[in-house]
Structures are given as structure tokens and as C-alpha cells.
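What follows is one structure encoded as C-alpha cells, with my remarks underneath.
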Amino acid sequence: MKRAIILILDSLGIGAAADAPKFGDAGSNTLGHIAMEAAAGRADIGRSGPLKLPNLSRMGLGHACQLSSGYFPEGMDPAAPAAAYGYAREISSGKDTPSGHWEIAGVPVLFDWGYFSDHDNSFPQQLLDAIVDKAGLPGYLGNCHASGTEILDRLGEEHMKTGKPIFYTSADSVFQIACHEETYGLERLYELCKITRELLEPYNIGRVIARPFVGEGKGKFARTGNRKDLAVEPPAATVLKKLADAGGDVVSIGKIADIYAHVGITHKHKATGFDQLWDATLTAMDQHRDKPAIIMANFVDFDSSYGHRRNTAGYAAALEEFDARLPEVMAALGDDDILILSADHGCDPTWPGTDHTREHIPVLCYGKQVKAGPIGERATFADIGQSVAAHLGLPRMDYGTSFLD
């Protein structure tokens, strides 16, 4: 049976989009700048030298970056790729995770999300009062834009003493809630997020994110793998839902199910960290052979651990770690399978601030029936969803053009 294995390298942009100036992101290039820093010896913590990505290079990542940005990533292997490679522009209004993923699955976000734009006192008082009342809270902390790690150091101890949850946001359409797993309780945090999700309906906010953490005090706090995203449902049927409705298997690895609000997902594998994500992907490929299938994984640590934290050396090391296991999936492909590597937005670790960057994404497609070579600029991320639909014999999506035609 035909299958599509889709691996999302969360935040691996490959060059600023034409509308990047609108977002303050003109000149951003997540991969290009990581490669530049690595080649210059400025990303040598835990690794050293130029980026060593032989397998991603074989997939055409460097060549896709060159098509997108006009220059080849410094230090990467320029050998001819064995896959189809190109880059895609985003037509969705935002540079956030749901917008990128939904557009990849054929449903671009052509409306404007709601945002909490004020950096301090970010949330409407009426909303905060309603959350406190309905959840029976002693109060709240934060109410601001913040980096997830910084705000734990600043407010984590007070949260543990008072039981007040930490509320914060970013440039994305998001309401984030951080609570200590042991002193506050994980299920209690999830219930608080559910209440908040319901109260946010009039505000058109994309996601509520539970951000559980552990640790004894400042400098010792760490997020756990029990993050949970409560997203609104996509406004139309994604290619995932179309396959599920047709009786196929749609397998979520990691946070994919949360991003699509669990719509169109038939099987879920919880996984945290690269090794678990790789292992779960390989397990799913072994288990789902008898029906047409989409197996989709999100490698979130690129974004959450290195992009937002502006950790260039960590991002470089993570790319090399990802690259080392890529051959396992390539070897597990059947004769009629395709492997697609892409991203959902950028998050340039060399860029000012802590937010995502508006960039093109790589579109890399490998398979025994796939013609290697350039597929050029794709007018929308939805070309990926359209290509998956074509590969699996599903009805055409409303957006996108297949690069497999």
C-alpha cells in the first residue's frame, strides 16, 4: 500500500519570505545562519566545525536553501541530491505552528488570528477574571510576553509558594500556562487549560499550551515532556482527514495530533525528544503497512529548545543528531512510499528576540518512484498536501499544486 511519511523539522526555515519585512524578519535564514556560524567556529559547544549533514544534503536541503535564499549554506555538501527538492512560500496570515501545519496539509489560514500584542498586561482583565473565577484560582502570575525558560526562573518559585499559575504569551496567537507538575499537578493544569480554551473562543486565539515543569528553584527548573496543545479545529478538511474518512491510517507522532485538534487522526504515538520520535516513527512504519497511510512526526525540539532560546550551537548539534538517524527511515521505505521533509516556519537562532521568523520552508521528497532534481519555488505550503493527496489517490485539495504530477 502507498504511504506518505512526513517529517517536520519544526522551525527549519531556509530564507526570508518576500513578506518578511512585514514581520520584522527581512534577512532571516535559520539554516543559512546556523551553517554560517558553524563554519566560522561560533557553534562549537558540544560539537565543532561546519555543519555535518550528509543525509540531509543527500535529500537536497542545501540546494533548496540556495534556491530560496540565493546562496548555498556554508560548509554543507554540494553533491547532487538523490531527492526532489525545492522551497515553499506561505500564504497563511501568520508565522505560527498551526498555520504552517494546516497549510502543509492543504488548508491555509487566510483569516487573521487574534493576538495579545501588549508586552505587559497582555491579557484582557475581563478574561483573566473569568479564568480565575471558573477555575477557582488564588490569582495568577505573569500576564506578559516572555520566553518560556526565562519566565520560569523569574516566577517559578513564587508559583510554587502561592499556587498561582503563570500566564504568558508571545508574538504567536497563543495563551500559555506554566505550572509545576508536583506542587500544582499535571491533571489540574490540563483542566485549567481546558477552561481557558473555552473562555478564549471569542478572541480567536489559535492555541492554549500547557507548559508543565519540574525543579526545586531558580536555575533548576526544566520543562517536562507532558506539554499539551489545545488548538482550534482546522476550518476545512485537511489531507489527513480526507485519508481518515476514506478508511486509511493517519498516524500522529509527537504533537501532530494536538496541532490538528485530533481531527483526522486515527492513531497516536506520544513521544518526547529525538530518539523517542525516531523510534515511534519507525514503529509506526512497521505497524501500518496494510492500508494507505500518512505517518507524520513533528521534531519540536529544533524550535522549542534551540530556536526560541537562540541557541545556535544547540540547533546545529540537533540537526546533526537528526541527520544521523535519517537513513533508518529511508531504509524502511517501501517501493511505493514517499518521504517528505519540511518545516512549518522559521526560528532563526541568530535573530533578535525569541519569536518565529517568516521564512520559506524546505520541500524535500524522496522515494523509489520520485524523480530526483529541483522542483523550484512552490507557491504555497499546500503543494505538500496536494502532492500527498495525489500520491494516495485522494480527491484534489482546494489549494496547492502537486510536485509529483
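For all residues, glycine too, the Cβ spot is worked out from N, Cα and C.
Annotated features, as they stand in Swiss-Prot:
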{"type": "BINDING", "residues": "Asp10, Asp344, His345", "note": "Mn(2+) 1 binding site"}
{"type": "BINDING", "residues": "Asp303, His308, His356", "note": "Mn(2+) 2 binding site"}
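Feature annotations (Swiss-Prot) mapped to structure.
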residue	record	Cβ neighbours (10 Å)
Asp10	Mn(2+) 1 binding site	22
Asp303	Mn(2+) 2 binding site	25
His308	Mn(2+) 2 binding site	20
Asp344	Mn(2+) 1 binding site	29
His345	Mn(2+) 1 binding site	31
His356	Mn(2+) 2 binding site	29
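The Mn(2+) 1 site, placed at the center of the C-beta atoms of Asp10, Asp344, His345, has further neighbours from the same chain whose C-beta lies within 8 angstroms: Ile8, Ser11, Leu12, Gly13, Thr97, Gly100, His101, Asp303, Ala343, Gly346, Cys347, His356, Ile361. Asp10 (Mn(2+) 1 binding site) is 11 Å away from His308 (Mn(2+) 2 binding site) when you measure Cα to Cα. Listed in chain order, the residues near the Mn(2+) 2 site other than Asp303, His308, His356 are Asp10, Ser11, Ser304, Gly307, His345, Cys347, Thr354, Asp355, each with its Cβ within 8 Å of the site Cβ centroid. His345 (Mn(2+) 1 binding site) is 7 Å away from His356 (Mn(2+) 2 binding site) when you measure Cα to Cα. For the pair His345 (Mn(2+) 1 binding site) and Asp303 (Mn(2+) 2 binding site), the C-alpha distance works out to 9 angstrom. Between Asp10 (Mn(2+) 1 binding site) and Asp303 (Mn(2+) 2 binding site), the C-alpha separation comes to 6 Å. Taking the C-alpha positions, the distance from Asp344 (Mn(2+) 1 binding site) to Asp303 (Mn(2+) 2 binding site) comes to 10 Å.
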